[in-house]
Amino acid sequence: MTQEVTRATFDEVMVPNYAPVAIIPVRGEGSRVWDQEGKEYIDLAGGIAVTALGHSHPKLVEVMRKQAGELWHLSNIMTNEPALRLAKKLTEKTFADRVFFANSGGEANEAAFKLARRYAFDHFGPEKHEIISFYNSFHGRTLFTVSVGGQPKYKEGFEPTPGGIKHCDYNDIEQLKALISDKTCAVVMEPIQGEGGVIPADIEFAKQVRELCDQHNTLLVFDEVQSGVGRTGTFFAYEQIGVTPDILTSAKALGNGFPVGAMLATEEVAKSLAFGTHGSTYGGNPMACAIAEAVIDTIDTPEVLSGVQKRHDIIVEGLKAINEKHHVFKDIRGMGLLIGAEVVEPFAGNAKAFMAASAEEGLLILVAGGDVIRLAPSLVIPEEELAEGLVRLEQAITKVIANSKAA
Ligand SMILES: *Cc1c(COP(=O)(O)O)cnc(C)c1O
């Protein structure tokens with residue numbers, strides 16, 4: 001028996017922590033999706049920087065089907081081939097020597113923050129437990145990750161939250177100098193703040209953060225949950241910045257939509273998550289790891305990575321052309337295919353209006369906070385679809401401007 005479900009069903013049966021848009025997509029292929037009514041959308045949102053190879057990528061579908069017929073789950077009482085292969089590849093491709101698998105970005109960060117505390121505890125004692133992160137940063141929704149994250153609204157009403165955490169203005173090295181001390185076990189940063197408004201770190205700032213960490217025996221943790229796995233045009237963003245962290249977290253695009261997260265660390269640091277100190281039932285399960293392996297095999301190639309900058313240029317040129325006509329953006333910024341366009345004053349706080357209007361025009365986009373339109377499309381989106389997406393975006397912008405004048 002099939003049951004009719006609609007957007008209204010959401011309001012009857014789901015916890016009201018989300019407010020999804022009116023449509024319900026039912027099928028996706030590449031960078032297009034179709035809703036229950038059969039209406040087509042160009043996807044420049046990528047499931048929030050997740051579907052980096054688009055929807056129903058043939059290689060991923062094939063690998064998933066094959067793994068589904070072989071082995072789904074074992075538990076961490078046994079290891080498995082896909083997890084070992086994926087970990088090998090991640091360590092070969094990065095600074096890291098060791099990998100811990102989780103199921104999400106929040107969980108990968110939870111592991112990273114616990115490891116940083118534990119490493120300091122093992123080597124310097126319990127006094128060295130402070131974590132410094134940045135205002136407007138986002139690290140997940142667990143109690144520890146909302147506490148480290150720099151957006152107080154995500155903690156409100158959930159106190160008492162874990163203590164020993166300080167926040168610093170992003171890209172402000174003098175402030176960091178004043179906050180860091182020998183009690184600091186870790187500085188946690190996104191190489192480019194995603195949810196916080198698509199704000200890249202200044203290279204000079206990032207280098208000085210690394211130096212300060214070294215001076216204080218503090219671990220540098222890069223949250224690359226959003227910026228990693230090809231999003232910025234290199235496998236991880238840290239490669240472009242030229243600053244190597246001690247711990248790095250990945251998720252989002254790593255599974256292209258299948259839940260998986262990873263924490264990467266150096267040999268020396270990883271030792272502190274000794275036997276029995278941390279764990280996960282699903283983390284590192286063969287399904288997730290087989291898919292993630294296929295994702296990184298496909299993305300970490302010269303063709304895909306070089307295509308990121310090309311598409312970046314097309315989008316930025318397109319946004320500039322729109323702006324010359326409509327004067328809606330006061331800044332266009334980002335790295336690779338994580339692009340933010342900050343809207344001008346009359347629309348400040350209401351970037352969402354552009355997202356809603358875009359959906360009506362058959363286009364999926366994102367916002368980052370109240371002021372920034374965010375685009376995070378598939379890294380392999382065909383250029384025609386990108387061009388069509390920009391046409392629809394201009395139509396949506398025209399409508400929002402017209403409505404604001406009518407109001
Ligand atoms: C999305 C995101 C997270 C949280 O990932 P989940 O999979 O939702 O737990 C953490 N850090 C950054 C930078 C993110 O963009």
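Sequential numbering from 1, following the chain as shown.
Cβ atoms are placed via backbone N, Cα and C, with glycine included.
Lifted from TrEMBL, the feature list:
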type	residues	note
BINDING	Phe138, Asp223, Glu224, Val225, Gln226, Thr281	pyridoxal 5'-phosphate binding site
BINDING	Arg141, Ser280	N(2)-acetyl-L-ornithine binding site
MOD_RES	Lys252	N6-(pyridoxal phosphate)lysine
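Rounded to a whole number, the C-alpha distance linking Ser280 (N(2)-acetyl-L-ornithine binding site) with Phe138 (pyridoxal 5'-phosphate binding site) is 22 angstrom.
In this structure the residues listed as binding pyridoxal 5'-phosphate are Phe138, Asp223, Glu224, Val225, Gln226, Thr281; their two most distant Cα atoms lie 25 Å apart. In this structure, the recorded positions under consideration are Arg141, Lys252, and the one with the smallest number of other Cβ atoms within 10 Å of its Cβ is Arg141. Among the binding-site residues Phe138, Arg141, Asp223, Glu224, Gln226, Thr281, the ones whose Cα sits within 10 Å of the Cα of Lys252 (N6-(pyridoxal phosphate)lysine) are Glu224, Gln226.
Put simply, Arg141 (N(2)-acetyl-L-ornithine binding site) is 19 Å from Thr281 (pyridoxal 5'-phosphate binding site) when counted between their Cα atoms. For Asp223 (pyridoxal 5'-phosphate binding site), the same-chain residues 6+ apart in sequence whose C-beta sits under 8 angstroms from its C-beta are Gly105, Asn109, Ala112, Ser137, His139, Val188, Met189, Glu190, Leu248, Thr249.
Among the binding-site residues listed (Phe138, Glu224, Val225, Gln226, Thr281), Phe138, Val225, Gln226 have a CB atom closer than 6 Å to some atom of ligand 1, in sequence order. Around Thr281 (pyridoxal 5'-phosphate binding site), a 10 Å sphere centred on its CB holds 10 further CB atoms from the protein chains shown. Cα separation, Arg141 (N(2)-acetyl-L-ornithine binding site) to Glu224 (pyridoxal 5'-phosphate binding site), rounded: 16 Å. Of the listed binding-site residues, namely Gln226, Ser280, the sparsest Cβ surroundings within 10 Å are found at Ser280.
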